[in-house]
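Data block below; observations after.
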Amino acid sequence: MAGGGGGPQKADEFQPHPIKDQLPGVDFCVTSPPPWRTHSLSVSLTQTHAEHYPVSIILYLPWMMDHRRKFFFFFVSVMFCLVAKKKWVVRKGNGFPEAISSEAILLGFQHFIVMLGTTVFIPTLLVPLMGGGDVEKAEVIETFLFVAGINTLLQTWLGTRLPVVMGASYAFIIPAVSIALSRRFDVYIDPHRRFKETMRAMQGAIAVASFIQLIFGFLGFVRIFGRYLCPLSAVPLVTFTGLGFFAFGFPQLANCVEIGLPALILVVFISQYTMKLKLPIFGRFAILFSVAIVWIYAEVLTAAGAYKKRPYTTQTSCRTDRSGLISAAPCAQQSWPMVMDLFPHVIVMIRIPYPFQWGSPVFNAGDTFAMMAAALVAIIESTGTFIAASRYGSATPIPPSVLSRGVGWLGVSTLLDGIFGSVSGSSASVENAGLLGMTRIGSRRVIQISAAFMLFFSVLGKFGAFLASIPIPIFAALYCVLFAYVASAGLGLLQFCNLNSFRTKFIVGFSLFMGLSVTEYFHEYFLISDRSPVHTRSIWFNNIVQVIFSSPATVGIIVAFFLDLTVSRGHSATRRDSGRHWWEKFQNFNTDSRSEEFYSLPYNLNRHFPSV
């Protein structure tokens, strides 16, 4: 038969894959937590030790040994319980209750490990520019973890209620670097004084910038944007939310190929090639297995002196003893000497971050404007992460009112960052959204458990510092896989669009190309000339332009959203070609009954704060 239209299809012909509002194949969705209890395995101290050290084994073991190397006992013990599919029971001792570990807790710990990369990378980059040393860097990392734990709980309870981790945002790096290098701080000779004054300026700028997110979210501007968002314009948004961070993947891995490449190979092999064993434990815990194996391997290379004669940059990337965090982390002996005199056998190392710990914030108009641009970019990138998390959590598309509510609580998170003294605002963690896809577990409960780990390790500084000393190339290897999962979630939205439409082809192709091309131009120009392509006398304006056009997700959604609303808008087929009819029933919260299942507020709060 001539032509391409074709007649009626035969019964044995292959049919296109059906379109799914909810992603199939997810083991545990947003509202279904993994099992809490499995078979029992008991681990206990002797009676003598239990009487002499009345603490749980989790606190006891690492600090009766060397702070760095012997902590592997704890980590390997966790991996043993993981492989044996057991729960970890610590016997009661002098009134201490049992400590039980289960699959859900280990999954939460895995999410905590993944978010550590960004949490460590940003302070490592910014704190030295501010005049701080290892002590200040350790304190900033602990503050990051503490605030991230609070923000994650707020987002999963009162925000979108999706399984997203709220962590540090890369969008704030450019204005933060501009503040750190400002000449007005050159008058401070003492590095610690310079660090405190720079931190106070960042606190003020971040706190004020948070009101952009609060206004856009709680006043409903994001809801208006969400009503016009369709699958076609969301494709470049979600895709670039993952692909936009490619610079933190293999380029960072290549700084230490000896440990980065084995980590990448292990993650891919364990997560993908062990499926035929029909043991979901490998796919679900591929990150923990890979990090443990490669970290021990890196420890062996460091102890053997493999990097003694290598360049300084290589040693910083490869060695496991160069972070300086463990020795710099505060402990109970330093913070509470009187408590240690009263309770000499209590081996607990605690420092609780508190608001304005480096002094009251200082406000500068130029710094604030640049941070506002970063807050706007954080809204866009978090929106892409929310959409990816909803897919991997097997939830329905996010109603615009729920999206607006989540952005409002994102503003609360950024405000807390400014109050507590983080060097960056918050955004939804892209890598943790990718981990939902890798594990096929999109449970909200798991993310809340990971938030508990953030709070735990933030106040117990030595513990958190040890885990934060994992070499950056190992995290970069994880990012190569996790960011790819988020990008694929964006490409998966093409199933709702008509790919035979030339309008669809143009909008998708052009927005993807411009999202890469424009940002690459801004990056290359900045690297070559050490300034933005827009170099006016107003540094804050230059920073605003640089921040916005350095984000592929921001450029991609600007182009796609504008074209979708203007190109052939009046044509009768446009609505179906864009996939708008598939998301139309989720435009209002009460139109589809499944929206209440996934996104309704707890404790009947919907009665007082109804979603529309």
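In case you wondered, yes, glycine gets a Cβ from its N, Cα and C as well.
Whatever TrEMBL says is automated annotation, not expert-curated.
Copied over from TrEMBL, here are the features:
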- 10-20: compositional bias 'Basic and acidic residues' (COMPBIAS)
- 1-22: region 'Disordered' (REGION)
- 71-89: transmembrane segment (TRANSMEM)
- 109-128: transmembrane segment (TRANSMEM)
- 140-158: transmembrane segment (TRANSMEM)
- 164-183: transmembrane segment (TRANSMEM)
- 204-225: transmembrane segment (TRANSMEM)
- 245-269: transmembrane segment (TRANSMEM)
- 281-298: transmembrane segment (TRANSMEM)
- 369-389: transmembrane segment (TRANSMEM)
- 446-468: transmembrane segment (TRANSMEM)
- 474-494: transmembrane segment (TRANSMEM)
- 506-523: transmembrane segment (TRANSMEM)
- 543-567: transmembrane segment (TRANSMEM)
Take the transmembrane segment (506-523) and find every residue of the same chain, 6 or more past its ends, with a Cβ under 8 Å from one of its Cβ atoms.
232-233, 235-236, 239-240, 244, 494, 497, 532-533, 546, 549-553, 555-557, 559-560, 563-564, 567
Interface-richest range of 109-128, 140-158, 281-298, 474-494 toward the transmembrane segment (164-183), CB pairs under 8 Å:
109-128
Under 8 Å for C-beta pairs, could you tell me which stretch among 204-225, 281-298, 369-389 has the largest tally with the transmembrane segment (109-128)?
281-298
Taking pairs 6 or more apart in sequence, does the count of Cβ pairs under 8 Å between the transmembrane segment (204-225) and the transmembrane segment (369-389) hit 3 or more?
yes
